[in-house]
Amino acid sequence: MYSPIRKSHPLLKMMSGSFSDLPSPSNFSIWWNFGSLLGLCLVIQILSGLFLSMHYTSHVDLAFSSVAHIGRDVNYGWLLRSIHANGASFFFMCLYCHIGRGMYYMSYFFMETWNVGVVIFFLTMGTAFVGYVLPWGQMSFWGATVITNLASAIPYIGEILVQWVWGGFSVDNATLTRFFSFHFLFPFMIAGLSMVHLLFLHQTGSNNPLGLNSDCDKIPFHWFYSTKDIAGFLVFFFVFFIVVLLYPNGFTDPENFIPANPLVTPVHIQPEWYFLFAYAILRSIPNKLGGVVSLVASIAILFCLPLTISLMKFRSLVFYPLNQILFWSFCSIFLLLTWIGMRPVEDPYIFIGQILTVLYFSYFLLNPLILKFWDNLY
């Protein structure tokens with residue numbers, strides 16, 4: 001009896017086992033679509049970035065002009081640039097939803113998968129940061145200066161490290177050139193780590209909304225979830241191209257339409273919106289080293305979540321009403337921190353940012369304690 005070629009060919013068999021014939025829980029919700037959407041975003045960013053790199057010039061005298069040239073003279077260059085710039089924003093929207101789903105449904109039970117995912121998160125933030133420097137506008141230059149200068153807070157090696165990153169004594173041509181190289185390299189590293197992420201996920205099997213063992217109730221990924229993913233892609237493209245075609249500069253800082261000038265400081269230096277929550281936490285600490293530690297800890301604390309798995313009976317917040325309230329409060333805190341990051345450094349925004357920073361980190365302390373309390377209650 002003949003078997004389908006996808007089950008007999010060595011390469012197709014491996015791909016089929018990872019996608020087409022993958023046994024999946026039968027009760028996935030819409031929140032499980034964001035993983036495939038992230039893969040789609042990564043492909044969009046790599047392809048659009050590849051074509052943009054063919055026309056971009058990584059030199060301080062030409063970078064800003066080359067970006068203007070792409071928008072004005074290159075066939076559909078304006079579309080490529082809009083897709084790439086807004087694609088980054090949509091990438092982070094999907095990423096935050098994906099992480100939020102993992103926290104709500106306790107996907108950190110799969111420790112290797114979760115930790116690789118957090119590494120991908122760090123690498124994605126690094127990719128976005130070095131990419132933001134490339135247009136060489138005012139916010140690009142001053143954002144690079146401020147953020148890279150934070151490394152000088154590291155004891156003993158800080159100053160040397162900053163000069164090593166800059167390639168000199170200030171943000172200049174050497175900095176721009178190496179940032180362009182990093183921005184080209186990192187997405188392929190993210191793609192490789194995504195394969196590792198999927199490898200670990202397929203070793204353990206996926207979580208599900210109830211957090212229960214679903215070995216007795218699995219269905220093949222294709223057609224059931226492939227069609228669901230395609231439906232998600234269609235909705236994504238609909239919203240994405242509304243932004244790309246009608247509001248191409250909606251997520252862009254107006255300061256970045258001014259060429260970089262080391263002699264003129266912008267009124268309010270801020271990163272892109274997807275870094276603002278971490279930037280607000282950084283600003284809330286009056287000490288420079290403390291601010292840098294808090295900035296890194298705001299994301300690195302995700303590594304600590306798998307350490308709490310021994311404290312709970314169930315593997316989903318569906319069974320923990322108090323923790324559901326706490327989780328959605330945490331989401332509100334995240335959004336408020338993003339808003340605070342846009343505000344000038346003055347009262348009452350400084351004080352509000354400090355309160356929100358304390359509440360942000362308090363979630364990671366209170367959540368396991370309330371989980372344990374609820375388990376003991378019933």
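Glycine is treated like the rest: Cβ placed from N, Cα and C.
According to Swiss-Prot:
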- 34-54: transmembrane segment (TRANSMEM)
- 78-100: transmembrane segment (TRANSMEM)
- His84, His183: heme b b562 binding site (BINDING)
- His98, His197: heme b b566 binding site (BINDING)
- 113-133: transmembrane segment (TRANSMEM)
- 179-199: transmembrane segment (TRANSMEM)
- His202: ubiquinone binding site (BINDING)
- 225-245: transmembrane segment (TRANSMEM)
- 289-306: transmembrane segment (TRANSMEM)
- 313-342: transmembrane segment (TRANSMEM)
- 350-369: transmembrane segment (TRANSMEM)
Tertiary contacts of the transmembrane segment (313-342) (same chain, 6+ residues out, Cβ under 8 Å): 96, 100, 103-106, 109, 207, 209-212, 270-271, 273, 275-277, 279-281, 283, 349, 352-353, 356-357, 359-360, 363, 366-367, 370-371, 373-375
Contact call for the transmembrane segment (78-100) and the transmembrane segment (350-369): at least 3 Cβ pairs under 8 Å, seq gap 6+: no
Least Cβ-crowded entry, counting other Cβ within 10 Å, from the binding-site residues listed as His84, His98, His197, His202: His202
CB contacts for His183 (heme b b562 binding site) [other CB atoms within 10 A, all chains]: 22
Between His183 (heme b b562 binding site) and His197 (heme b b566 binding site): CA-CA distance (Å): 21
The transmembrane segment (113-133) in contact with the transmembrane segment (289-306), cutoff 8 A, at least 3 CB pairs, sep 6+: yes
When counting Cβ pairs under 8 Å to the transmembrane segment (350-369), the leader among 179-199, 225-245, 289-306: 289-306
Residue numbers, six or more beyond the limits of the transmembrane segment (225-245), whose CB comes under 8 Å of its CB atoms: 19-20, 24, 28, 30, 32-33, 36-37, 40, 79, 82-83, 86-87, 89-90, 251
Inter-residue C-alpha distance, His202 (ubiquinone binding site) and His98 (heme b b566 binding site) (nearest angstrom): 17
Sequence-remote partners of the transmembrane segment (179-199) [C-beta within less than 8 Å, at least six residues beyond its ends]: 18, 38-39, 42, 45-46, 49, 53, 56, 58, 113, 116-117, 119-120, 123-124, 126-127, 130-131, 133-134, 144
Distance, His84 (heme b b562 binding site) to His98 (heme b b566 binding site) (CA atoms, angstrom): 21
